[in-house]
Amino acid sequence: MRVTEEEDDRTSGATEAAECVELRAIRVQVTGQRFCSNRVSTAKYNALSFLPCFLFEQFRRYSNCFFLFIALLQQIPDVSPTGRYTTLVPLLFILAVSATKEIVEDVKRHKADQETNKRQVEVLRDGQWLWLTWQQINVGDVVRVRAGAFFPADLLLISSSEPHSLCYIETANLDGETNLKIRQALPTTAKLLSVTALRDLQGTLHCELPNRHLYEFTGTLRLANHEPLALGPDQLLQRGARLQNTKWATGIVLYTGHETKLLQNSSAAAPLKRSTVDQAANMQILLLFFLLVLLSLLASSCNEIWASNFGFQHWYLGLEDLPTSNFGYNLLTYIILFNNLIPISLQVTIEMVRFIQATFINNDLEMYHAETDTPACARTSNLNEELGQVKYVFSDKTGTLTQNVMEFQQCSVGGTIYSAKSDVVVNSSGMASSMVQDLTAKHSNAPYIREFLTLLAVCHTVIPEKDETNPEILHYHAASPDERALIQGAARLGWVLSSRTPETLTITAEGMEHRYQLLHILEFTSDRKRMSVIVRTPSGKIKLFCKGADTVIYERLGSAAPTGPQQHQQYIRQVTTNHLEAFAREGLRTLCCAVAEIPHDIYEEWKHTYHRASVSMQNREEKLADAANLIENNLVLLGATAIEDKLQDQVPETIGALLEADIRMWMLTGDKQETAINIGHACRLLNSNMELLVMNEESLDGTREVIGRWLSTRSEGSSPLSTTMASSAALVVDGQTLKYAMSCDLKKDFLQLCLQCRAVICCRVTPSQKAEIVEAVTIETQAVTLAIGDGANDVAMIQKAHVGVGISGMEGLQAACASDYSIAQFRFLRRLLLVHGASNYYRMCRLILYSFYKNITLYVIELWFAHHSAWSGQILFERWTIGLYNVLFTAAPPLALGLFDRRCTAEVSYRYPQLYKPSQSAQHFNVKVFWFWMTKALIHSALLFGLPLMAFGEDIVWSNGKDGGYLILGNAVYTYVVVTVCLKAALETSSWTWLSLLAIGGSVLTWFLFLAFYSHFWPSLPLAANMAGMSHMLLSSPVFWWLLILAPVTALLSDFSIKTLWNTMFKSFTDQVCEREINLQRSESGKLLDSQRRDSRTKLVETARLMRSVRNVFRRPNASSDGARGQTELELSHGYAFSQEEHGAVRQGDMVRAYDTTLPSRSMDKL
Amino acid sequence: MPDHSGNSQPSSVSRKPSNSAFKQQRLPAWQPILTAGTVLPTFFIIGVAFIPIGIGLLHFSNNVKEFVYDYTDCKSVENSNLSCAAILEMNITKNCSCVLPVNLTETFDGDVYIYYGLSNFYQNHRRYVKSRDDHQLLGTLGPVSNECDPFARYPDPNDPSIIKQVVPCGAIANSIFNDTLTLMREDGQLVPVLNTGIAWPSDKQMKFRNPPNSNNNLSEVYKGYVKPQNWRKNIWELDLTNPENNGLQNEDLIVWMRTAALPTFRKLYRRLNLTAEGYSSGLKAGNYILNVTYNYPVKSFAGSKRIIISTTSLLGSKNPFLGIGYIVVGCIVLLLGIVFLIIHIKYGKSNSEMTNVTPRSPYQ
């Protein structure tokens, strides 16, 4: 079942319009309700629909329709010059090959669907948990999902293993956000833990009709003996998300299969993508069709003129007695005669070549990721050559560029840099120092270190959990990956958070247990850019620990220092700033840490203020922030942390290579601006020479103004498209601004601005915005776009781009499934584009051009011959030899060109990204190239007909004086054509393997063998009477053999000379590189090349320095003062970034207070 | 798209692609580079080889002796005022003959062949080419093929009410060349010629056969059929002296049925009987007389008829084209070779410098 886009729009539109009217009523745990099955299908066909769908798909192609038309025409008696079945049989053969390919591909899809549908989940049936497959789940069922597992459908959370029936879900697949989200069941259902309790759960559930809004959900649950309960997104567990940090969760199935939010978002049937080359080829086919009609008209007009002027004089023809000699019939005859100007085998040759090219991609060991055992996978083969023309790459961040793994790398404490990893680090003065050493050695820094580590262990919302099997091992559950990294880092350094109760935190440090009483958690928000906790220390002091962006922390630093003279604090601040810059330079995410001791009286006073704020009914958020602001003061700077948001392997190198290949790279991420810019630097998308344009606008007018200002400044000095300009700017825009910028009237200007920038980063964008950007660029530039991503949030973008690439192998495979190509690592994109893309494009162009060429060469000869045969439409060749031309005698050379030819080796294409440019700019297949080949084909056909015509004279070409007949000339010409086009293929082959040799040599040989066999059919078989004895006659003629040398040499002389001339005088960069490589290979000094391989271990970009070039940062109007702007600049230069769930289902403070990890958690065994 | 999320079932079989040369596209490859320098030897070798070959082929062609006479407008013996063509135009059935002087200035050594040649005769017309019934020609007495229309069925000349099938049917057979050419010495003695061995043995064996069990009684076998409209003889009267050459197996018919490629063609008519006394070495130089029974009308379509007496070389009849072709192409190739030599001297050196590219070189 497939929900089309229109249907979906209609339903969602209807929901918005009349919410109260259209509702879905679900009876809990009642079977037999009529809803969509949870079985999903992405396959194109099933056994029944295959034939009609396949035929429909096939006959949407002009060429197949055309050949069907020809095949039908041939059934009209007395019209076809080539018999009745000479088109039908090849057509059927070709359809059979296509069908085989489709079946093979669809079986794969069926298997993939099967794998999903057969995944198992626990379902409550008849009072017990049964393991059932996903496809057996019905709406209304109660299911139980275990930790780490994916939700099989959209569920309503009933209860979970955690306190208050909380549960964490990871939605990276859905929206790409890195932090975990918290869901909480309704208190009424939260206590339904046991099987019996769940079994007795009865009631009705009303909710919206299926829609595509991921975070919207409203409904009511009417349980027996209960008031109706309001349901919201907090209870929704979407399919595609997975359960984390929670042992298990139970839920009622709300939406299934294609009605789930996830599938609604990607339910639009995968668009049929066609490559640019394909479209161009289709255009040429259309062109050839007109040429064909033109030729046919010309020839049949000539025939008409000849017949009416001279026809009746030629008494021996008996034309006057023939009924079917009018213009219309002749036109049809000629259309049939010339039909093969359009190569019938082209489509199938292309399909076969693509299929094998795809297997080359699938089998490339260089794109095989051993850790996850994932090879690259071409899910569609229609776009192989499109990979060679990519101009824009749109990349997701999380999971694509980054690993979504945070690691606490370094920290600066009290003015010294320590490693948080190996415990030894080279500090700025080059001296190795160790935090633990300094601690134990009573270094002057020791108090700072102690305080710093305490902060890390206390100031967070992480929940520790003892491993069930080994209590020594602690698992940390955190909504923020940063905090998790920090707490793990602190644990490594000896400050271990061992347990948490609603009121206290217990820390094991230096062999002792310290219990901190948790007084308040001042939550993190993006506006505050910090979080604080207020605790009562074991010694009874009240302390505030705060971590956040350096700008906000520095603002709140007090003038006094707890220990040491004030001067020391000043020193620390200065050094820490330098350290922050150093961290940012390495692309690390930084947070500043500070502490303050609060006198009891002030605390008591503040507590009331805070309490009032927390119970206020209006603007609670704002009031809480204000209250927090009051106490977060007079801080003492302890230091800073540096967390590495780990990039995938070789991301900077890959991006560098892509940029070098003139591919524009855009990063579209749902993540925050700071993180995005951080990663932009880390992966060298942004560099020191770039001007950074940051757009954060909150109104349409503001956006318009900024875009206008920018465009005018850009176009002032130099022309807007000058390359220096383009290379010097990077645009950073957030989702809100993007919404305005993509509105109708601004769209064009905005895109123009974007296209002038070398790199564009869009942050906080929704999946649909991603798709919108990709689509807009696709339309605006007409260039080939590629989108790469790993999560469900990238699916829309992947489907909209010309080529969609999915990252597979890690967790979610949504993107991979929707993609055209899936690779395990971002770095494989380089090989996919530069090696496979470029060579596939080159090969495909050669293949298409060659196919056109060979057909025109043969079939235009019919035109020349028509001039000698009274325009009667007689063919010069035997009808089946002509029919088999495309499927037998010249089928292999195009395959060889399409599969084995290459100009440079994979290594060279990989190493020289510039070699991508010719294919990117369509240099191998455009109108000029096409006509160049066509002209050659015309010249060849004229020579290949003219030379034998003259040499055979009046057909006496044997010493026995006998005369030959038209087929002697015909077969001789045919032989020369086959030999010439095969030699032409040889001439076009740059790289010879034994397979190319076999294909080209074999084709010629096949023809001769065929000739020998076919000449002996008659009279044993009622076929080819006119070929009887042909082989002996033809092969015994010396003229034939001498001409076999002369004709191809003459025809190819010009090609050979032009090619040589070109190679000598107008050598392209590609030629030079290849030539050099070959020469090197020959002299066996290939090592030379290796030595020139770039040192891939270059240092990361110097973020901080280059960040000073941020000159144009547009802030939101309400904060556009110079100070605020400076603040943003500073933040950018100091690499501040932090992820945390905000405004979530459960407030962070409440959430941590819900846990008492000293108690054993609810285990499943009890139920 | 479904969410094929989660790791697939852990399988013991690794999905690592196999490391075969084919799949990894690492088949050993040879990459020739065509530059002026590398192709120079090829050009010179081809040039140097082609010119002598051309001269040799030209020599062969020139050694062929050929006598051609266009007798389309020959004067009638019966009525010397008119040409036979004109007489035929008035009455197609009228007998007319010509006497043509044949003056051989040199001796025709070895095998000597007599051809008739037609021009502007479209034996390659689509309607004409297909207008035959190969099964009938193979001796099958079945219903005649539709391809033969409109030369497939005629009313019996004796009884017009009966429609009979034509043997051999079709436009080709109907329009068989029916002039009789007889070569005589000046003294009136016939030059001994053979009317067999002029068709391809394969044609004779595989394509043309009288019906089985016909033996000498062809007239009986074909009693139920009529001859083609334009024929003056019946099918069983084609060669009364040699039953092997009679009926459908008649070699004149077989030669005619092998349709020519171009509107100007020649067909083998007779060959000199070298075993006859005085002709073992060929046809001596001197004056001969050719008697033509002029039956075949070509004036209506502006055609012409020729008689050709010719020897052959290894390459067949006289045709200098192949030799000239080789010489011309050889010269062009040599010329190109010289041009490339110049280019090589001018550009060849800078090549080695140009190839000093690194991954950092800008793209040109």
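One-based numbering along the chain as shown.
The backbone N, Cα and C atoms fix where each Cβ goes, and this holds for glycine too.
What TrEMBL records for this protein:
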type: ACT_SITE; residues: A:Asp396; note: active site, 4-aspartylphosphate intermediate
type: BINDING; residues: A:Asp396, A:Thr398, A:Asp790, A:Asp794; note: Mg(2+) binding site
type: BINDING; residues: A:Asp396, A:Lys397, A:Thr398, A:Glu483, A:Phe524, A:Lys547, A:Arg589, A:Thr669, A:Gly670, A:Asp671, A:Arg764, A:Lys770, A:Asn793, A:Asp794; note: ATP binding site
type: DOMAIN; residues: A:32-88; note: domain 'P-type ATPase N-terminal'
type: DOMAIN; residues: A:116-178; note: domain 'P-type ATPase A'
type: DOMAIN; residues: A:816-1067; note: domain 'P-type ATPase C-terminal'
type: TRANSMEM; residues: A:285-307; note: transmembrane segment
type: TRANSMEM; residues: A:327-346; note: transmembrane segment
type: TRANSMEM; residues: A:929-952; note: transmembrane segment
type: TRANSMEM; residues: A:964-987; note: transmembrane segment
type: TRANSMEM; residues: A:994-1019; note: transmembrane segment
type: TRANSMEM; residues: A:1039-1058; note: transmembrane segment
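Sequence features, as recorded in TrEMBL, placed on the structure.
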residue: A:Asp396; record: active site, 4-aspartylphosphate intermediate; DSSP (3 states): coil
residue: A:Phe524; record: ATP binding site; DSSP (3 states): coil
residue: A:Arg589; record: ATP binding site; DSSP (3 states): strand
residue: A:Gly670; record: ATP binding site; DSSP (3 states): coil
residue: A:Arg764; record: ATP binding site; DSSP (3 states): coil
residue: A:Asp790; record: Mg(2+) binding site; DSSP (3 states): coil
Rounded to a whole angstrom, what is the largest C-alpha distance between any two of the residues A:Asp396, A:Lys397, A:Thr398, A:Glu483, A:Phe524, A:Lys547, A:Arg589, A:Thr669, A:Gly670, A:Asp671, A:Arg764, A:Lys770, A:Asn793, A:Asp794 that the record assigns to ATP? 32
Do me a favour and check the Cα-Cα span between A:Phe524 (ATP binding site) and A:Asp790 (Mg(2+) binding site); whole Å is fine. 28
Looking at the recorded positions A:Asp396, A:Arg589, A:Gly670, A:Arg764, whose Cα is closest in space to that of A:Asp794 (Mg(2+) binding site)? A:Asp396
Just how many other Cβ atoms lie inside 10 Å of the Cβ on A:Gly670 (ATP binding site)? 27
Counting each residue once, how many in the domain 'P-type ATPase N-terminal' (A:32-88) are helix, strand and coil under DSSP? 22 helix, 0 strand, 35 coil
For the domain 'P-type ATPase A' (A:116-178), DSSP counts of helix, strand and coil? 12 helix, 30 strand, 21 coil
Those recorded positions listed as A:Asp396, A:Asp790, A:Asp794, and which of them has the most Cβ atoms within 10 Å of its own Cβ: A:Asp794
Per 10 Å Cβ neighbour count, which of the binding-site residues A:Thr398, A:Arg589, A:Arg764, A:Asn793 ranks highest? A:Asn793
Taking only the recorded positions A:Asp396, A:Arg589, A:Gly670, A:Arg764, which one has a CA atom nearest to the CA atom of A:Asp790 (Mg(2+) binding site)? A:Asp396
Whole-number Å distance separating the Cα atoms of A:Asn793 (ATP binding site) and the residue listed as 'active site, 4-aspartylphosphate intermediate' is 9
Out of the binding-site residues listed (A:Arg589, A:Gly670, A:Arg764), which are within 10 Å of A:Asp396 (active site, 4-aspartylphosphate intermediate), Cα to Cα? A:Gly670
Return only the integer: C-alpha distance in Å from A:Gly670 (ATP binding site) to A:Thr398 (Mg(2+) binding site). 9
Rounded Cα separation (Å) that holds between A:Arg764 (ATP binding site) and A:Thr398 (Mg(2+) binding site): 12
In whole Å, how far does the CA atom of A:Thr398 (Mg(2+) binding site) lie from that of A:Arg589 (ATP binding site)? 15
Restricting attention to the domain 'P-type ATPase C-terminal' (A:816-1067), give the mean pLDDT. 90
